[in-house]
Every structure is written in structure tokens, then in C-alpha cells.
Amino acid sequence: MKNGLVWFRNDLRISDHEALLNACKENDRILGVYCFDPRHFEKTNYGFPKTGKFRAKFLIETLEELQKNLRDINIPLLIFQKKPEEIIPKLASEYDIDGIYFQKEWTAEEQKVENGIRKNCGKLNYNSYYQQFLYHPEDIPFESFQDIPKVFTDFRKACEKNAEVRKCLETPSVLSDNFQIDKNLEIPNLEDLGLKDFEIDQRSAFPFKGGESEAKERIQQYFWNSKNLSEYKETRNGLIGTEYSSKLSAWLANGSISPRQVYEQVKKYEKEVTSNQSTYWLIFELIWRDFFKYVSLKHGNKIFKIDGILEKELSWGQDTDRFEKWISGRTSEPFVNANMKEIAATGFMSNRGRQNVNSFWAKELQQDWRMGAAYFESLLIDYDVHSNWGNWMYNSGVGNDPRDRKFNIKSQADRYDPNNEYQDLWLKN
């Protein structure tokens with residue numbers, strides 16, 4: 001009898017999941033494992049937790065559903081508040097595991113954990129998969145990651161012309177045998193993680209819950225019920241409410257849904273409803289998401305260094321007083337302040353807002369962009385290591401922006417919030 005262990009990371013779904021599907025095909029019994037790594041909840045050097053309450057709550061909700069969905073196919077999901085490299089070797093030995101299956105990650109912290117597991121588990125079968133991409137790394141039209149273009153447009157055009165998006169994989173069938181386990185099944189709450197519970201702010205543009213079915217429900221609403229996808233390109237620079245953009249980023253970030261699943265739904269919509277600039281633009285944004293992942297595959301940990309991937313030496317301040325004012329929305333720019341109040345109250349901010357507050361912090365105040373990126377990492381529900389650090393580099397002049405633009409905050413506010421509706425919502429209430 002063969003036993004497999006699936007170690008879940010940011011791939012918290014059961015459909016279109018290569019690691020899980022292969023584990024089910026190659027083993028008689030499967031053990032699912034998720035670790036709330038204590039390092040992810042420690043305080044950063046800036047005094048806020050690495051993972052704040054907004055994303056933590058979304059993660060808890062996601063795991064509640066994942067555990068139920070796995071149980072339906074006869075797989076227990078064990079939950080630990082421990083380091084994966086400490087607990088997984090113990091489980092491998094206790095349950096006589098033959099092989100471990102997991103999603104490939106390549107940034108420093110994730111690599112360190114994986115290396116620790118390999119070292120502590122010894123001779124097991126290790127099966128890791130790239131399963132967070134729209135265009136699979138084996139299918140992109142470049143010889144190696146080092147050939148990834150500097151500029152997004154070149155990357156996009158090459159992929160659109162020469163790469164295919166793979167079809168989604170089926171959901172595994174119910175396993176006939178399973179591990180009878182009744183311990184380590186409890187999912188921690190926010191207090192267990194050292195965080196405070198909270199009510200969702202009524203002004204939130206992201207009042208949604210975590211989980212695979214919630215992601216599919218959002219697609220149903222935004223694509224099929226309201227048909228808002230048809231206007232996405234016109235509305236995507238909006239600032240207020242749930243409907244100006246797809247809001248799929250958080251489910252994509254923790255892998256409740258895969259980019260290929262979103263892509264398939266867009267393609268179906270184009271066949272059955274309409275195909276226009278807006279439907280294309282959602283795919284365009286999924287390609288941006290891929291691009292930042294490939295940038296980090298190419299450059300490794302340079303994405304966390306002050307000089308960025310350009311290795312550009314600029315003089316950066318680290319003024320804690322300015323940082324405090326920026327965080328709490330007490331700068332000289334009301335539009336920046338409104339956005340900073342929104343993220344502090346909800347864990348979400350529009351794309352337009354993110355670009356502006358980043359540009360203000362890094363280009364206007366010339367402060368260390370990594371402080372801003374770390375703050376976003378703590379607060380954002382949809383934090384994705386590659387998109388967050390890639391975008392922060394980009395908007396700070398040390399990344400992939402060929403034009404090195406600086407935002408004129410006042411004209412941005414006039415253009416995107418002409419009647420002060422957004423600023424009033426966050427500054428007057």
C-alpha cells in the first residue's frame with residue numbers, strides 16, 4: 001500500500017491541482033497537511049506582523065473549506081501551527097509516507113523551508129509542480145528564465161503568439177481508502193495566531209470570504225450574473241465598491257482558484273456573451289501576474305534588495321516619522337491619505353490607489369520602497385510575493401518600468417476622483 005503526503009502552500013483548492021491529482025493517482029492513501037508557519041505571524045522590524053488580521057482571516061476561511069472539500073474525497077487535512085520542516089518529517093515517519101507532493105516556490109524563505117524538509121525527511125519521493133501560472137514554465141517561448149524580457153509588452157506578445165494555456169485538470173475522484181485520523185484537525189482562530197478579530201468595514205471594496213466555492217461564486221456574479229466583465233476595461237480604475245474590478249486577486253494569491261480556471265471562464269464568456277477589449281483585458285492582467293512571477297524566477301532575491309533588479313543605486317531615506325504619517329494617512333496629499341485609510345481599515349486598495357501611494361512614498365518622499373512593500377505584505381488580503389515586490393520595484397524606479405514614471409498625485413485625484421467621492425468616503429467618515 002502506497003501513502004502520499006500533499007503539503008499545501010498557496011494552492012488551497014482541489015480542482016486544477018497537479019500535485020493533488022498526481023498524489024491521488026500514484027497512492028492508495030493521502031494525507032493533506034497545512035502549516036500556519038509561526039514565522040509568518042512574527043513582527044517585522046517595523047513593528048507590524050508579517051501577516052496581518054485581514055489576510056489571516058481570509059486564510060482561515062479558505063482552509064475551513066479546503067478541509068471540507070478534501071474530506072469529501074476521503075483525504076484528511078491536518079493543521080499545525082509549526083514550521084513545516086519540523087512537522088512534515090515526523091508525519092512522514094509516523095504515517096509511513098512514500099512521497100511528498102507540493103507546489104514549487106522559488107523565493108528565499110520558501111526555498112529555505114523546502115530545503116529543510118528535504119534534509120529532515122531524507123530519502124523520499126519529492127514531487128513539486130509549477131501550478132500557479134497562466135502560461136506553464138515549460139511552455140513559454142524562452143530558452144531559459146534568464147531570457148525573460150525586461151519589458152512586459154515583449155513578454156506578453158511572445159507568449160500570446162507562441163505559447164498555449166494548458167487545459168485545467170480534473171478534480172480527483174473519491175479515494176477508496178484513507179487514513180483514520182481524529183487529531184490535529186482544528187483550524188486556529190485569529191486570537192490563536194496572535195491577532196484580533198474584527199468586523200468587516202461597511203465601506204470595504206472587498207467584503208468577500210475565502211475559499212474555492214467563494215471564488216467560483218465571485219466569477220458567477222462578476223461574469224455571468226451582472227455581466228460586469230463586459231465593461232472591465234472602462235471601470236478597472238474605479239475606487240469605490242465591489243464591482244469596478246473582478247476582485248479575484250485574493251483567491252488567486254492563496255490558490256483558491258487557478259489563473260487557468262479564470263482564463264477558461266473568460267474564454268467561455270467570450271463565446272457565449274461577448275468578446276471585447278474588456279474581456280481581453282482581464283487575460284492581459286493575468287499575464288501581468290505571470291510576468292512578475294517570471295521576473296522573480298529570473299532575478300531571484302534581487303526583488304527584495306534596495307537597488308532592485310536594475311541594481312540602481314539611489315539615495316533612500318528611512319524616516320520613521322514620515323513612515324508613520326504615510327501609514328496613518330496624514331501626508332500632504334488627501335488622495336494618498338484616503339487610500340492609506342482604506343487599506344488600514346479593510347486590507348484592500350484599488351490598483352490605481354496602490355500605484356499612487358507607492359509613487360508618493362518612493363518618488364516624492366524618496367523613502368526606502370521596501371518599507372512600503374513590507375507594510376503592504378502585512379495588510380493586503382491579496383498579498384502575492386511576486387506581484388507585491390514586483391510592483392513596488394516597478395513604481396519605485398528599480399524594476400521593470402522602461403519609462404520610470406512618477407505620478408502627479410493631484411492630477412490623478414482630479415482624473416479618477418473628480419467629485420471627491422472616494423476621498424470623502426475615507427476622510428470624512
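Each Cβ is built from the backbone N, Cα and C atoms, and glycine gets one as well.
Marked as FAD binding site by TrEMBL: Tyr232, 245-249, 285-292, 382-384. Taken from TrEMBL, the feature domain 'Photolyase/cryptochrome alpha/beta' covers 2-150. According to TrEMBL, the site 'Electron transfer via tryptophanyl radical' annotation covers Trp316, Trp369, Trp392.
TrEMBL feature annotations superimposed on the structure.
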residue	record	CB count, 10 Å
Tyr232	FAD binding site	24
Lys247	FAD binding site	21
Glu285	FAD binding site	19
Trp288	FAD binding site	16
Phe291	FAD binding site	25
Trp316	site 'Electron transfer via tryptophanyl radical'	18
Trp369	site 'Electron transfer via tryptophanyl radical'	25
Tyr383	FAD binding site	24
Trp392	site 'Electron transfer via tryptophanyl radical'	25
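Straight-line distance linking the Cα atoms of Trp316 (site 'Electron transfer via tryptophanyl radical') and Trp369 (site 'Electron transfer via tryptophanyl radical'), rounded to a whole number, equals 8 Å. Within 10 Å (C-alpha to C-alpha) of Trp369 (site 'Electron transfer via tryptophanyl radical') lie the following recorded positions from Glu285, Trp288, Tyr383, Trp392: Trp392. For the pair formed by Lys247 (FAD binding site) and Trp392 (site 'Electron transfer via tryptophanyl radical'), distance between Cα atoms is given as 20 Å, rounded to the nearest Å.
When pLDDT values are averaged over the domain 'Photolyase/cryptochrome alpha/beta' (2-150), the model yields 97. DSSP assigns Lys247 (FAD binding site) to coil, not to a helix or a strand.
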